[in-house]
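The domain 'FHA' annotation in Swiss-Prot covers 24-83, and the record cites sequence analysis as its basis. Among the features that Swiss-Prot reports, domain 'BRCT 1' is placed at 105-181, with the record citing sequence analysis. According to Swiss-Prot, the region 'Mediates interaction with SP100' annotation covers 111-328, on the basis of similarity to another entry. Annotation comment: Swiss-Prot describes 221-402 as region 'Interaction with MTOR, MAPKAP1 and RICTOR'. Per Swiss-Prot, the feature domain 'BRCT 2' maps to 224-315. Annotation source Swiss-Prot lists region 'Disordered' at 326-346, 396-415, 431-475. Residues or ranges marked as phosphothreonine by Swiss-Prot on the basis of similarity to another entry: THR337, THR402. The ubiquitin cross-link feature in Swiss-Prot is assigned to LYS435, LYS686, LYS690, LYS735. Annotated SUMO2 cross-link per Swiss-Prot: LYS571, LYS582, in sequence order. What Swiss-Prot lists as motif 'FxF/Y motif' is 740-749, and the listing cites similarity to another entry.
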Amino acid sequence: MWKLLPAAGPAGGEPYRLLTGVEYVVGRKNCAILIEKDQSISRNHAVLTANFSVTNLSQTDEIPVLALKDNSKYGTFVNEEKMQNGFSRTLKSGDSITFGVFESKFRIEYEPLVACSSCLDVSGKTALNQAILQLGGFTVNNWTEECTHLVMVSVKVTIKTICALICGRPIVKPEYFTEFLKAVQSKKQLPQIESFYPPLDEPSIGSKNVDLSGRQERKQIFKGKTFIFLNAKQHKKLSSAVVFGGGEARLITEENEEEHNFFLAPGTCVVDTGITNSQTLIPDCQKKWIQSIMDMLQRQGLRPIPEAEIGLAVIFMTTKNYCDPQGHPSTGLKTTTPGPSLSQGLSVDEKLMPSAPVNTTTYVADTESEQADTWDLSERPKEIKVSKMEQKFRMLSQDAPTVKESCKTSSNNNSMVSNTLAKMRIPNYQLSPTKLPSINKSKDRASQQQQTNSIRNYFQPSTKKRERDEENQEMSSCKSARIEMSCSLLEQTQPAIPLLWKNKEQHLSENEPVDTNSDNNLFTDTDLISTVKNSASKSHAAEKLRSNKKREMHDVTIEDEVLEQLLKDTKPELEIEVKVQKQEEDVNIRKRPRMDVETNDTFSDKAVPESSKISQENEIGKKHELKEESLWSTKEISNNDKLQDHSEMLPKKLLLTEFRSLVIKNSTSRNPSGINGDYGLLKNFKKFKKVTYPGAGKLPHIIGGSDLIAHHARKNTELEEWLRQEMEVQNQHAKEESLADDLFRYNPYLKRRR
């Protein structure tokens with residue numbers, strides 16, 4: 001870009017940077033280039049303009065043309081030669097300019113600006129080209145010695161990066177030129193280039209301290225070394241970097257083959273062609289020739305130099321560990337064939353540094369809990385400690401298929417039950433203390449289900465239920481497992497029995513023998529006594545039963561089919577319940593009217609005293625009939641007082657089952673007083689009121705008094721005003737026309753004869 005440097009006189013100070021496409025006026029007042037304290041300077045003394053003469057910005061040999069035009073009174077001098085007023089002149093770098101006749105002297109210089117972009121996307125390249133164009137520079141794709149900057153978003157080791165480091169050129173971000181352009185336009189201080197260095201994006205060398213600034217040591221890094229390339233593509237790609245570093249690059253093929261001593265000379269580095277790489281396409285005959293050279297080097301104790309070591313030697317500024325045929329290869333970094341460049345048009349590999357070294361050791365992700373054992377990931381892989389919990393999960397995953405197979409193949413019901421119980425006992429983990437209350441709750445719930453089952457046994461099964469097709473039909477494996485589990489729950493969760501109940505149990509067992517040797521007997525005498533006591537206490541716990549009825553219905557429905565099957569299987573062994581059930585039927589008949597009254601009270605809030613009296617009379621009549629049928633009911637009533645003392649020990653959360661008929665028994669229970677059928681003394685029961693409207697009490701009018709509203713009164717006045725103004729305007733025009741006609745009349749006044 002062009003710069004106007006003050007040489008002497010009152011125009012001293014910072015240089016003026018000239019952007020392309022902008023006219024810079026040199027003058028005394030209100031100018032871009034202001035020269036004060038010089039009386040020979042005009043207000044618009046001269047104009048400087050820089051423009052490109054070619055459209056191709058890649059032509060680095062063409063620089064922008066800077067033209068100077070003189071508009072002054074006292075003249076402008078270029079190299080002590082006065083310019084003609086009103087004419088332009090092309091300037092060259094190094095020309096001296098004197099404005100006026102005094103000491104306002106300047107010098108013109110051109111500062112080269114050639115930016116080479118690498119690894120930029122399309123939008124980044126477009127923004128870079130626009131900024132470089134305004135600054136008067138060029139953008140190129142391939143690195144040359146004329147390049148002044150390497151533009152990268154993040155530093156990746158490519159051929160361009162190596163060449164820029166060897167040449168000592170700065171590597172900057174694209175934002176540097178954007179900020180530079182803004183600073184020139186606003187005449188502010190230029191940005192510091194150190195703050196626009198891109199970060200290093202090479203995982204293999206990211207942890208090491210790397211100096212990517214311009215160092216003089218890199219310019220002679222390969223001095224005294226000769227790099228032998230056995231492949232034309234490698235030579236074309238890497239020869240420029242070797243030459244920039246002071247070395248010599250030679251291409252050796254089968255046609256111009258040298259002697260073996262040439263490859264063994266000191267300072268000679270044979271570049272590895274990477275024939276083991278599948279991406280490198282080399283003919284078989286050439287592979288044999290290359291392999292013979294590699295075998296010769298190996299016999300002499302030498303090694304080929306990988307491509308990556310050329311870049312590493314430049315980055316770390318040493319050839320002791322890199323590019324040494326007699327030394328050992330570097331163990332810190334793996335050297336593989338690099339990937340292709342993003343900016344070169346040729347299909348050659350540009351990137352020298354590999355990605356992160358691939359380790360074949362597989363590491364397991366840390367997905368365990370905090371209590372689980374942890375492990376460290378270091379340079380050398382260690383054994384991974386697996387927690388006990390994870391081992392148990394693995395044991396369970398192995399045992400699960402065997403359990404499923406046993407469930408499918410077994411046909412015996414006992415084996416099916418054992419398998420299902422085995423599935424429940426598979427988790428052998430130690431339970432935490434927070435889970436123990438839930439287990440206790442499950443036990444209490446099981447005991448409540450057992451008590452509920454005993455109450456359900458109190459009622460006979462309804463005859464409306466569907467009968468089984470076959471009495472001795474084999475049960476399915478799932479149902480047998482459920483029966484076995486329910487039996488185990490009943491046996492394990494039976495509640496404690498009071499002493500009073502135990503005495504009565506012994507009394508009943510002496511009077512009525514029971515078959516206790518049967519295997520399927522699930523309901524003992526204790527259950528029968530508890531059902532009798534529970535039935536006696538139903539009237540006292542009716543309110544609590546209603547509140548818990550909905551909650552228990554969900555738990556009881558699960559056991560319906562199991563209980564129904566058990567009732568059929570245990571029919572011969574439960575003959576003792578026949579007598580008790582007959583007595584309980586009488587009690588049920590006696591209590592049903594009372595329960596009906598209570599349920600009617602809960603559902604209807606507006607109960608009438610007359611309906612309650614009728615229900616009480618029916619209840620008293622039924623009680624007299626029941627007294628004559630059995631004596632056990634009266635004994636039970638006398639025992640209610642004793643049972644009230646033990647009401648605390650009675651089971652709670654029981655299920656109340658009622659058998660209701662769909663026929664309305666008490667038709668007089670409806671409230672006749674709630675409906676008043678006599679409308680004789682009442683007025684019209686309609687609550688709305690007719691709204692009066694204009695003309696409601698008169699004859700209908702098509703157009704009536706208040707319906708007429710002067711809607712267009714305002715519009716008429718405006719129209720009249722407009723018409724009046726128009727008439728005045730027309731009259732005025734008529735008067736003007738008549739006056740004009742009178743001016744041109746020869747004899748406006750006519751004389752009439754008398």
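Yeah, the Cβs are placed from backbone N, Cα and C, and that goes for glycine too.
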Residue with minimal Cβ packing [other Cβ atoms within 10 Å] among the recorded sites LYS690, LYS735: LYS690
Between LYS690 (ubiquitin cross-link) and LYS735 (ubiquitin cross-link), the C-alpha gap once rounded to whole angstrom: 68
Helix-strand-coil residue split for the domain 'BRCT 2' (224-315), DSSP-based: 42 helix, 13 strand, 37 coil
Rounded mean pLDDT for the residues that make up the motif 'FxF/Y motif' (740-749): 72
Secondary structure at LYS735 (ubiquitin cross-link), reduced by DSSP to three states: helix
Counts by DSSP class (helix H/G/I, strand E/B, coil) across the domain 'FHA' (24-83): 0 helix, 23 strand, 37 coil
DSSP helix/strand/coil residue counts for the domain 'BRCT 1' (105-181): 30 helix, 19 strand, 28 coil
